[in-house]
Amino acid sequence: MVFRKPPDGGWGWVIVVVSFFTQFLCYGSPLAVGVLYLEWLDVFGEGKGKTAWVGSLANGIGLLASPVCSICVSSFGARPVAIFSGFMVAGGLMMSSFAPNIYFLYISYGIVVGLGCGLLYTATVTITCHYFDKRRGLALGLISTGSSVGLFIYAALQRELIDLYGLDGCLLIVGALSLNILACGSLMRPLESSDSLPPEKTGVDKVPDQYFVYHEKEKTVEENISILEKGYVDEKCVNSMPDNKQDSILNKNVLNSINVNEKDTYKKKVVEQTNFCKQLAKRKWQLYLNYWEETMVLFKNKVFSALFVAILLFDIGGFPPSLLMEDVARSADINEDDYHMPLISIIGIMTAVGKLTLGILADFKWVNTLYLYVTTLLMTGVALFAIPFAKSYLTLAMLSGILGFLTGNWSIFPYVTTKTVGIEKLTHAYGILMFFAGLGNSLGPPIVGWFYDWTQEYDTAFYFSGFCVLLGGFLLLLAALPCWNACTNQSSKLPPNTYSYKVASSA
């Protein structure tokens, strides 16, 4: 199918609504996993570091597997992937209610739910980009707030469900709610033209055209047939040995019964398919070489190298509060009567505000998005250093709001990447950076939990987190100050050799 021009409206607004609810339903529980984290600590009695792996895997595995998610969406389309991923998220949550130990949760909640969320994120972003061009930034900003609103609502919802039905009942109900993703996914109609193209050739008919595309010198079909015929003669000679007389007679009768033209056609197809597979392997190998060469070119950019270190350190230090803040409050012996709203809910709603506010600021021409991003990193580091001094619900709530707002810098991260490497390298560079972001998400909470297990207090853990974020911010600032313009100019002159996936046209 041939894609139509993005309508920037029409059914696209339906896509925005269902994508918003898809991210709301799939990311609500994983982002608000801090409420479940407290219950898992009490039920399984494991250390904080080991228990924190559940939530960190659920939030990091989707980013780590982002290349696989992109391939799935490009191969099958957004709608089938969204429906299938809805089953994954709902099934993983329901299976988690029957978890006999923490290791079972690593698979059911961490990997199954996390991978399903990664697939759904890729599907929603891809289908939205197909329907919007001029209003793409607005559309992506609206759907990205779905996860933040989900965090805000699910934090309170899961706590209420645990009080009413226990941990197992909560996971079952949340899993049942996630089945609504199937309805949302069914509305993700692919954008395609009404004019149908002629049917494609079959795989065998396309072999000659694909085989000769490289114009490499290979043996002709006639030469290969002569080799095959020689093999048949050798086989007949072997079969004519005295010990196999009966088999030789049978083989001769079978060979004589085959039409000569059919044999030649079969031989040609075998040779053509063999040579096609050989050429396909060479082509794939060349693509891999080009990919790694392009990667090395990206890392020659000082700002990009500092950016991947910054995003890794930011997620190691900045993600744990969203998972562990409830346990921080419990460890500080804060009276539950003082709780007016879950701290994770405050983080969620302020993250949505931060995404919208920072996204609007990034659109102003006088705002340098790289310096804006560095500012959010440095302020996040300072806020993390302040957590050990917060001994009341009010101060923890204020710090949660500040951290949530600053975490909204995810909305400007694509802008920063574009400024750093150029629009033609955005797909390749963003995939690499998201991998390191997922690695940071996966490692951050367990590291903070291990610090608590060793010291029996969170102070050292958050000093370490703040140091990581500040280090990443200062490294990015040092790399950007002397050569910001030089790096962007250099990246804009690179050959436009992008790596992107073409989304399947039908679903």
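For all residues, glycine too, the Cβ spot is worked out from N, Cα and C.
Computed from a predicted structure; not experimentally measured.
Quick look at what TrEMBL lists:
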TRANSMEM  12-40  transmembrane segment
TRANSMEM  52-73  transmembrane segment
TRANSMEM  80-98  transmembrane segment
TRANSMEM  104-125  transmembrane segment
TRANSMEM  137-156  transmembrane segment
TRANSMEM  162-183  transmembrane segment
TRANSMEM  303-319  transmembrane segment
TRANSMEM  339-358  transmembrane segment
TRANSMEM  370-390  transmembrane segment
TRANSMEM  396-417  transmembrane segment
TRANSMEM  429-452  transmembrane segment
TRANSMEM  464-484  transmembrane segment
Practice problem: Take the transmembrane segment (429-452) and find every residue of the same chain, 6 or more past its ends, with a Cβ under 8 Å from one of its Cβ atoms. | Solution: 47-53, 55-57, 59-67, 70, 295, 298, 304, 307-308, 311-320, 323-324, 331, 413-414, 417, 420-421, 458, 460-462, 464-465, 499
Quiz item: Thinking of Cβ pairs under 8 Å, which stretch from 104-125, 303-319, 339-358 has the most of them with the transmembrane segment (12-40)?
Solution: 104-125
Self-check item: Non-local residues, at least 6 beyond the ends, that sit with Cβ under 8 Å of the transmembrane segment (104-125)
Solution: 19, 22-23, 26-27, 29-30, 33, 40, 53-63, 65-66, 69-70, 72-73, 78-79, 81-82, 84-89, 91-93, 95-96, 140, 143, 181, 185, 188
Quiz item: Is the transmembrane segment (303-319) in contact with the transmembrane segment (80-98), using three or more Cβ pairs under 8 angstroms as the rule and ignoring pairs under 6 apart in sequence?
Solution: no
Self-check item: Distal contacts, the transmembrane segment (396-417) - CB-CB under 8 A, six or more residues away
Solution: 141, 144, 148, 307, 311, 318, 321-322, 325, 328-329, 332, 334, 340-341, 343-344, 346-359, 361-362, 369-370, 372-373, 376-377, 379-380, 383-384, 386-387, 390, 426, 429-430, 433
